[in-house]
Amino acid sequence: MKTQVAIIGAGPSGLLLGQLLHKAGIDNVILERQTPDYVLGRIRAGVLEQGMVDLLREAGVDRRMARDGLVHEGVEIAFAGQRRRIDLKRLSGGKTVTVYGQTEVTRDLMEAREACGATTVYQAAEVRLHDLQGERPYVTFERDGERLRLDCDYIAGCDGFHGISRQSIPAERLKVFERVYPFGWLGLLADTPPVSHELIYANHPRGFALCSQRSATRSRYYVQVPLSEKVEDWSDERFWTELKARLPSEVAEKLVTGPSLEKSIAPLRSFVVEPMQHGRLFLAGDAAHIVPPTGAKGLNLAASDVSTLYRLLLKAYREGRGELLERYSAICLRRIWKAERFSWWMTSVLHRFPDTDAFSQRIQQTELEYYLGSEAGLATIAENYVGLPYEEIE
């Protein structure tokens, strides 16, 4: 097999890169370890920045998103008996976010790829990357017991935190930055109307809570829990009771409860690896960085990586400026670290940490009061929440 760009991973970042390249006439093949149903079964993020919405539109996969996505012009933070709304649209110069689940984004991209006939190999086992620093890298993998080889010009590693792509870079070439948080999020998905038309983030003495949504009829709620907690110890009734206890009373009274479609506990981590490239291998998305979900940045950072890599590949193929690809990591990391900072900050001011003393607790409350009581503070939150601009590539 032969292609121009080999893409490892058929999650949203790999599929989005593949679709953009296909529309630009650049041949690509995607290799995915799992089945399509497994990929679609992942319950993930649902808040899309303006930049990602624009990128999906550019890729020609925005029809269902335009119809079913919920445009949010604001977000609310509740703390210390107060509720403060942040007017995202006014404070960011007209930008908004769109609530549209990652599962739906993935489905749209899968259908678009199938319709255009581009190659995706699912259940590709024993994937290995070779000659990454040479002129002609290649990928080997197994499919139905047969060992196959895929020759290419470049490899995009879009296979997530546990994927083979980052593992294919010599450890001594990488610098890892990481913070693991001492709690997780217990999330519940239910076919109940959302308690609010905008997201509500709550800082409460019992711990953080988030009221989110996937559609006008499907809600997603989260509560902060210790890492020692097990999902099976949380009945639906226990979850709803705990959620209500952490929300402002007027919100809790309106909460519509119902049977859970899914419950899971996600640990929280900040993680960045530098550099994000090695020879002709380029890491994108969770393969290179993880953010705690508090800032809704994970999927959106993957999209900005994809945008950067796509535009650099266009320069390489259309203008013969392959040397620009050497700037990929530096361009991406400038935006990534700003999103890491915002996600860390949101996590720090909204959660209860097990070692927090009275002084730290008062500082946390004052931090929220300052940012939410100041036009400059509100604007800072808003511009980060809707997404910082993508860097132009000359």
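Note that Cβ sites are derived from N, Cα and C of the backbone, with glycine treated the same way.
According to Swiss-Prot, the protein has these features:
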type	residues	note
BINDING	Ser13, Glu32, Arg42, Ile43, Arg44, Ala45, Gly46, Val47, Gln102, Asp286, Leu299, Asn300	FAD binding site
BINDING	Tyr201, Ser212, Gln213, Arg214, Tyr222, Pro293	substrate binding site
SITE	Tyr201	site 'Important for catalytic activity'
SITE	Tyr385	site 'Important for catalytic activity'
List only the single closest residue to Gly46 (FAD binding site), chosen from the recorded positions Tyr201, Arg214, Tyr222, Pro293, Tyr385 by CA-CA distance.
Arg214
DSSP three-state call for Pro293 (substrate binding site): helix, strand or coil?
helix
DSSP secondary structure for Tyr201 (substrate binding site), reduced to helix/strand/coil, please.
strand
For Tyr222 (substrate binding site), the number of neighbouring Cβ atoms whose distance to its own Cβ is within 10 Å equals 23
Which residue, out of the binding-site residues Gly46, Pro293, shows the minimum number of other Cβ atoms inside 10 Å of its Cβ in this structure?
Pro293
Comparing the Cα of Gln102 (FAD binding site) with the Cα atoms of the recorded positions Tyr201, Ser212, Arg214, Pro293, Tyr385, the shortest distance belongs to Arg214
Which site among Arg42, Arg44, Arg214 has the most other CB atoms no more than 10 Å from its CB, taking these as binding-site residues?
Arg214
Looking at the binding-site residues Ser13, Ser212, which one has the fewest other Cβ atoms within 10 Å of its own Cβ?
Ser212
Is Leu299 (FAD binding site) helix, strand or coil when read with DSSP?
helix
Roughly how many angstrom lie between the C-alpha atoms of Tyr222 (substrate binding site) and Arg44 (FAD binding site)?
13
Cα proximity to Tyr201 (substrate binding site), best match among recorded positions Ser13, Arg42, Leu299, Tyr385
Tyr385
